[in-house]
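**Q** Take a look at this one; I'll ask things after.
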Amino acid sequence: MSIPPSHPPYPHYNEHDIHRRETGLSSSSSQSPLVHPVSDSRISEADHRNSEAYSEAYSSRSENTRSPNGASDIDLFGPLRGPDDGRYTGYAPSSDALLSLLENKRSPLPGQQYHHDDRTPTDGAHCDDPSLPSPNPYPSWTIEKQVPLTREEIEGIMLDLTRKFGFQGDNMRNQFEAFMTMLDSRASRMGPVQALTTLHADYIGGEHANYRKWYFAAQLDLDDHMGYHSAPGKDKKVNRNSMAPQPGAVNIEAHENLAMAEEHWKVRMNQMSHFDRARQVALYLLLWGEAAQIRFLSECLCFIYKCAEDYYMSLECQQLVNPVPEGEYLRNIVTPLYRFIRDQSYEVQGGKYVKRERDHKDVIGYDDINQAFWSPEGISRIQLEDKTRLVDVHIAKRWSALNQVNWEAAFRKTYIEKRTWLHLAVNFTRIWIIHVVSFWYFTAWNANFLYMDEDSNEDGVQFSVTALGGAIATLIMLLGVFCEFMFIPMTWHNSSTLIRRLIILTVVLIVNAGPTVYVCFFNRSGTASKIVGIVQFIISIITTLVFAIVPSNQLFAGTTKNSRKNLASQTFTASFPKLNRADRALSFFLWSLVFACKLVESYFFLSRSFKDPLKALYAERIPNCKDRFLGQELCAIMPVLTVIIMFFVDLVLFFLDTYLWYVIWNTVFSVFLSFKLGISIWTPWRNIFSRLPKRIYAKLLATADMDIKYKPKVLCSQVWNAIVISMYREHLLSIEHVQRLLYQQVPSENENKRTLKAPTFFVAQEDSSLQAEFYPAHSEAERRITFFAQSLSTPIPEPLPVEQMPTFTVLVPHYSEKTLLSLREIIREEDQNTRVTLLEYLKQLHPVEWDNFVRDTKILAEESTMFGSATSGLGLAGENEKDSAKEMGKSKNDDLPFYCVGFKSAAPEYTLRTRIWASLRAQTLYRTVSGFMNYSKAIKLLHRVENPEVVQRFGGNGDRLERELDRLSQQKFKFVVSMQRFTKFNKEEAENAEFLLRAYPHLQIAYLDERPPEVEGEESIVYSVLIDGQCEIMPDGKRNPRFRVRLPGNPILGDGKSDNQNHSIIFTRGEYIQLIDANQDNYLEEALKIRNVLGEFEQYHTTGISPYSPQITSKDVPEPVAIVGAREYIFSENIGVLGDVAAGKEQTFGTLTQRMMAKIGGKLHYGHPDFLNFIYMTTRGGVSKAQKGLHLNEDIYAGMTAFNRGGRIKHTEYYQCGKGRDLGFGSILNFNTKIGTGMGEQMLSREYYYMGTQLPLDRFLTFYYAHPGFHINNIFIMLSVQLFLFSMLFIGAMASSVEVCSDLAEDGCVNLVPVYDWIKRCVLSIFIVFFIAFLPLFLQEFMERGFARSIIRLGKHFMSLSPLFEVFVTQIYANSILTNLSFGGARYIATGRGFATTRTPFALLYSRFAGPSLYLGMRLLVMLIFASLTMWVPHLIYFWVSVLALVISPFIFNPHQFAFTDFLLDYKEFLRWLSRGNSRTHVSSWISYCRTLRTRTTGYKRKRLGHPSEKLGGDIPRANFFVIFVSEIVFPLLQCIVCVVCYMFVRSFPIEVTNKGAAVFASGLLRVGAFALGPLIVNAGVLAVLFAVSLFLGPCMNLCCVKFGSIMAALAHGFAVISQIAFFETLWALEAWNASHAVLGIIAAISVQRFVFKVLITMFLTREFKHDETNRAWWTGKWHGRGLGWHAVSQPLREYVCKTIEMSMFACDFIVGHIILFLLFPICLIPWVDRWHSTMLFWLRPSKQIRPPIFSAKLRSQRRRVAWTYGLLFIVLLVVFVMMIVAPLVFQKYLPSHLEEIIPI
């Protein structure tokens, strides 16, 4: 790779001697201060008293000049000197001890001196001499730099504004600091005047400032022009024409022209004084800083700013004498708006705020409020309490009038987020048109035999029928328009647009469909017919292309370019960032390839191949077939119904094909891009290491501006050594590895000088003769070093010197994530189901790192024993260490405690080390904070390396140098953790938070502080508070806050995270913000690239010309970069199969997919670890959205907003952060459920509407397939499986009833051979669609780690049965969206990211997954059994695997599921779960699960406060009947009809022949009815009897028998199970023991039962009580005293209906649960199955595996007894179950075969 010409030539490696200089490199760990330990019990008072002692210590000592002549040298071991120790914060061996190891490779010897610099500067004293002034925190904004306004003047401006507008003092101080930081950050690289001007341009007046865009969109320029001096009287109508123009306003006619208005604006901005610019920005910041929830409403804030600015300019404001009281702005303007927002979603009940039962369509949300300010019409609706319109008030008086506004009347819905599937018809119209119409063209053309006479020439008919595709496209468009009426409020403008579209579409429909009437009914043959057909076909193609290509919002909408009419809509919803020509061409090329391949493949593989089965079936006549009631119609329609279902299967596969080709081509293109960027190991891989030093110099160091005094090798050596030592400090490398990796100084030929020797590592990668082990194979160190080397081979923006780099902030929202693991969590099992301690498991996962840690600990122990504790100055040496000197010489057995728990002495510094080691390998906040604090270390290191003169200036005084570097890093980097629950932390959490502050004094914590109200009965007062480690500790142990800003109320109104980010964002500083989650990590070598990453925002090199200069036109200003995305490395990969699958998904999405998405303009914002342009995002509604439920996936909405408003979103390949992912089956699926329900909410959102109806086709396709398309594809996959099995029901019914032949000419048989071919093709299609999911991961791994590693990883996945998991995940995704779009209920699910080593009980897994998957799986399994019995083809094996995956996956991936004793104990727990909860309340019971399932539909009655069992019910609103009508009634009815028709068909053949030879026909309908409804009637009868018994005996029996209710319930449930089984067995007997017909009868009966249940629950059940009193009242007979009130009269009847349903559902769950257990049981009998199963799940060798738990003798015998008892019961039931199936087959000839003669149904 060539070095840019601006860099000096890089020298070769035969370096001459280098003079010794005292520089010492800034270690990777020079940031960590020496802190007190936090013991497990408490933080001592001495800790508080000594809090100022926790300043940072410097890593290079003044006494380290070792050469006799005093010549200073490059100290390559600088990172190891001093008490600095990286992430172990003061609890590590002294640096000298480690240095001794490095130099001598042995333990420290007695006699050497080990000491630390314990001199601690007083808090805040960063200057060397107290007499010197304190250093300026804003060094680039000083008088010497010729600033336009001094710091004091800016402070004066802000004080004046605070006085005039009534802002809070802390808000002013906070925003002053933010403003100055921003000015200083910009001034450092562009000069103060330009800094102020560009800042004003970004906030207020520039081309891309949101305020300027809003000003013109809302036509405020016209409003300003017509502003007048005196407001009219209240009753007087305002004549806008007679308004006196303001002085200086231009002519109104000129103003109507938008271009002229914009030009006038620019002139005004250019002429503005520096004072006014600073004042305007300051006013905006002050308004924003106190705006709370209004920060989400960007245009509302613009309006408030406009009113404030107009008021400021008025005479009234200028003549103000007394200051406005503090908090006036919050009270008068923010609080009323906040209360309106809050009251939309919450109401007061019993003195507490509870969520209203409202869905989104009834909530006026943030977006609705904000859009009221988009247009003049919206603003004109704002009225005061006296009905005066705000626009009729003089502009200077509007600010004062804002507190009288009636906000309730001002806002209305601007987009109706109705919960319905029809959003898909509007947003994705083009997807349906492209697919449905193409499929119609293919099928209609191929299946011409359906509508043509083969003997006559009817070409015209073929063209005309095929051309109906155009009419279909128009019908889809019409459906979209009709649905749009539902979602858009009917203003005149909206309705006129839609009506116009409707009329034109109707005309287009007539043009497309009309000719078919003529051709098909009046003139089928002949030339005229053919010409009409061809012309119609051409029109049809044109229609389809237009509708598929043109966005629906642009259809038939003629607006002129410079029109103001749709300016707001265009500005805020359709200003999509433009792609450059090459990227746009790539986008077109990608989608052309996808659809070319898709259409060709689908034509031949799907459409052409469908022709033969269609031909075979459509003319089929089934002989000797007649139903008793329906006659021969059923038999005639059977082949037609079969063809229809097959048609739909093919249509769904047609949709799936597109996604398949998209994945293939997207992956291929992404792989080519990685070649081009140079991040594949297949691009000159071998030289990435040999050229690494050169690249560090050229790309990471700002060498362009450096004064070259040192050779590049000297500079690189310091950076490289710091990286190596940081890895050593994290125990990734041993001391031996470090020796081989470091640059070292060796004696040269000249005795007085030393020369620098590069490690052989760089060349050893190419030269096989130099092979040595530089790091453990396949280790974390290898991965990090390799990625670092690889990333520097890609194109990277050039860095600026550290002093000139922009300031940025890392923001981490925190709720209840672990901060630091406690000793108890690490070395004790979690519960009785856990077989391993966390520490043991981590040691198995990271054996090498544990070994390095133990060696390190032993050095610390030896050192503290020989020379007194390294930390004794702080009083940390425990008494336990006094005897440890004697133990030194003992055998290695003495080291056992080290290898077991990492310490021998229980002194805090040792236990804390183990806690830190474990926390850095789990998903903890400590890992995140210590990782991202590497930015600080990187800034210091880069500054020292690039500025050697800094080191010389301090002449070896390490402390002064360190403080100087510290000041610089503080200036450039801030870290804010937003701890929402900080004041509610328990003791341990509070200690851990305090530990963080002491370890990292510059860390800032923002939190919410709730105080009691000033007046009793009012709302409590909430503050947004900021503290850091330098805040004084007060007597109560709390820290004195830096800032304390009062809020209008509790800010957490949504799902939490976005509100948490929003309240703390006012404390962030600088130009950019990086959003990080509390389970991430970062590394020093990545932190070194921070300047390069920030360069991606393209704001480093400005022209120096004012953005308001007339020379600059709008075309010269590029669209701003809003978001820069980064890669994530999932550090939870390789931790077992599930962790690796989750990691692989995230990896491919975060790299392979994003690389291509960013290139073709489809990338959005997915939260972590993206960098955001602070001004761009905060002036457009913030970094996330916050409406409860709707914005569940909060991050992506900020991305969509930025994208819709013209912000570019980029992706970096060369920078990555660590990220943890879920590891257990339950937590992964919780995460998938959250993503799925979140996607359901996104489908309802206005953002999808804007993008779906306005994006150009190629970018729409990119957006669709990268986001909603993935989820809709999952729905289609599961739909294809179900439709396929329904088609198999029909085909199997024919195959089992009629003789199958292969020739159409034969009579009395059905030709199904083409149909069998079709079945094989369908199975193959579905198989490919499922398995294409593995392609991206394989290629990603192949590109970055090589062929062998990719094959091994994929092999491990397959051997660990991950395809089963993939099938299950697909169903979970599909179910979560379907459920959300029907019932709603999207909520944040805490996924719990711990290690999944705990065995989950069977009952818990069953209740969690029965609804989403197990029920569906069992229904499909029964269908598959029927298909296999009637028409077996080997291809069905794949379906068996897939369907079984839906049933047994949760149990297959459950740790230790097959441990024999635990399996039987689980069975006991399952039976208990089924039976409990009827005498007394139990959360974990079948009845509780059943009620929860039901309440999705029924909803709850109003909450009764204070009842103990109220907590059983969540906040589930009642589903809207019209929304669930389709999903809960129509679909089950269709399934019911399909299944019943199939069964009726097989019963439509003669059952006997009469004496006269006439055939006797039966009807299946009667039999299905009897066997479906029979169990319900029996259950209803039994319940009636038991109800009478419990009512009369209950009151007496409850006194003596506590379990009376449970006994009654057990009797009813037992009867239900027996009757259900008896009915099924009877059905089999009636079918003369024909297994396939009996199975089909069961399928039909189940579908009828299911439909009846759905109807009863949906139509007849009233709301559920939140408590379970009615259930217990039913069984115990005790109805009084239950708190039911008048409901006691109606409830028994309701409960009777419920219990009737429950009985059948209990029987179903009992049977399904036992079938699953019977399926799993044989696996338990395999020898050593638990060990092999654990190997499969955890990827740990059997020898490394977790030991079985050790129980006491008593517990062991108790477990054995329970296992024997329930084992016998289980075996008995298993034998009974098998006998019921096997006995009739074996003893068939002995059993009655003509029961239908006895039972006439």
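Backbone N, Cα and C atoms are what each Cβ position is placed from, and that goes for glycine too.
Automated prediction, rather than curation, is the source of TrEMBL annotations.
According to TrEMBL, the region 'Disordered' annotation covers 1-92, 107-139. What TrEMBL records for 1-11 is compositional bias 'Pro residues'. Taken from TrEMBL, the feature compositional bias 'Basic and acidic residues' covers 13-23, 42-51, 114-129. The compositional bias 'Low complexity' feature in TrEMBL is assigned to 52-62. Among the features that TrEMBL reports, domain '1,3-beta-glucan synthase component FKS1-like' is placed at 275-387. The annotation transmembrane segment is assigned in TrEMBL to 432-451, 498-519, 634-656, 662-685, 1275-1298, 1318-1339, 1409-1429, 1435-1453, 1566-1592, 1604-1623, 1635-1657, 1763-1787 (among others).
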**Q** Please give the average pLDDT for the domain '1,3-beta-glucan synthase component FKS1-like' (275-387) in this predicted model.
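**A** A mean pLDDT of 93 is what the model gives the domain '1,3-beta-glucan synthase component FKS1-like' (275-387).
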**Q** Per DSSP, what is the residue count of the domain '1,3-beta-glucan synthase component FKS1-like' (275-387) in each of helix, strand and coil?
**A** 72 helix, 10 strand, 31 coil
**Q** Is the number of Cβ-Cβ pairs under 8 Å between the transmembrane segment (1635-1657) and the transmembrane segment (1318-1339) three or more, considering only pairs separated by 6 or more positions?
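**A** No, the transmembrane segment (1635-1657) and the transmembrane segment (1318-1339) are not in contact.
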**Q** For the transmembrane segment (1435-1453), which stretch among 498-519, 1409-1429, 1566-1592 has the most Cβ pairs under 8 A?
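**A** Ranked by Cβ pairs under 8 Å, first place goes to 1409-1429.
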**Q** Who are the chain neighbours of the transmembrane segment (1275-1298) in space, where the CB to CB distance is under 8 Å and they lie at least 6 residues beyond its ends?
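**A** Residues 622-623, 625, 638-639, 641-642, 645-646, 648-649, 652-653, 655-656, 1309-1310, 1312, 1315, 1319, 1322-1323, 1325-1326, 1329-1330, 1370-1371, 1374, 1377-1378, 1416, 1420, 1423-1424, 1426-1427, 1429-1431, 1439, 1442-1443, 1535, 1538-1539, 1542-1543, 1545-1546, 1548-1549, 1636-1637, 1640, 1643 contact the transmembrane segment (1275-1298) from elsewhere in the chain.
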**Q** Can you tell me which parts of the same chain pack against the transmembrane segment (1763-1787), counting only residues 6+ beyond its ends and a CB-CB cutoff under 8 A?
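**A** Hits for the transmembrane segment (1763-1787): 1460-1461, 1464-1465, 1467-1468, 1471, 1621, 1625, 1628-1629, 1633, 1635, 1714-1715, 1717-1718, 1721.
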